[in-house]
Amino acid sequence: MSTRTPLMAGNWKMNLNHLEAIAHVQKLAFALADKDYEAVEVAVLPPFTDLRSVQTLVDGDKLKIKYGAQDISAHDSGAFTGEISGPMLAKLKCTYVAIGHSERRQYHAETDELVNAKVKAAYKHGLTPILCVGEELEVREAGNHVSHTLAQVEGGLKDLPAEQAETVVIAYEPVWAIGTGKVCGAEDAQEVCAAIRGKIAELYSQDLADKVRIQYGGSVKAGNVAEIMAQADIDGALVGGASLDADEFVKIVRFRDQ
Ligand SMILES: O=C[C@H](O)COP(=O)(O)O
């Protein structure tokens, strides 16, 4: 029986302005009770422009919801127009930062090398990376989904010391299941998540791999979350579209009731 605490994280992507963010987090906080937080870690990943408002609300009302960013610069400061650094996110008391999301890899040409540099930047500033990996449809159709995803895991964790790697969160998100309504079958997701844990055991140790949380992401909603969470190597979900509906996200957090 796993002792890993499930992590349900809502990746809002480029949705909800800072005023909407406040209303949304207030709704989540109103609905979630202590027993929810005892069973599951709950986090939201708003756009950068919302983070200060979310921080103020979480601090002011002593909420148990954690929050983080959707990206981080590999650099600490300097002439990098449009980027947001680790020190800036740390100052906002972010807990998490998503790194290497498929939309960043696809639209911003992020490579495993850059993803690896961002993972290191996150740890340098006390942030926990949610390292996103997963294959495109043609890779799955060719039967190369496991090797493709494991190469991304290896690339993202390259030269990362064990004391950092043991707290990393890996999000397995098959690209063809993101925002499409096509959820990856629970057993198919488990196949890849088990392989990811095996790769981490190979890179570090079985003991360390057993501590790492592996999320599934891709069209997760209240109606399918229980089946996904029943898989041995799936320790949470990175939820996109369904996290924008507070009631739906609360149901996902309460996956045991679905
Ligand atoms: O980060 C979240 C994933 O990209 C999943 O998005 P989705 O739940 O809208 O399919």
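Including glycine, each Cβ sits where the backbone N, Cα and C put it.
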Identity of the substrate-site residue among Gly60, Gly68, Gly179 (reference: Asn11, Trp12, Lys13, Ser219, Gly240, Gly241, source: TrEMBL): Gly179
Length of the line joining the Cα atoms of Trp12 (substrate binding site) and Glu173 (active site, proton acceptor), in Å: 15
His101 (active site, electrophile) and Asn11 (substrate binding site), distance between Cα atoms, whole Å: 10
Nonlocal residues around Gly241 (substrate binding site), in sequence order (Cβ under 8 Å, 6 or more apart): Gly179, Ser219
Whole-number Å value for how far Glu173 (active site, proton acceptor) lies from Gly240 (substrate binding site) (Cα to Cα): 11
His101 (active site, electrophile) to Glu173 (active site, proton acceptor) - Cα separation in whole Å: 8
DSSP-derived class (H/G/I helix, E/B strand, else coil) of Glu173 (active site, proton acceptor): coil
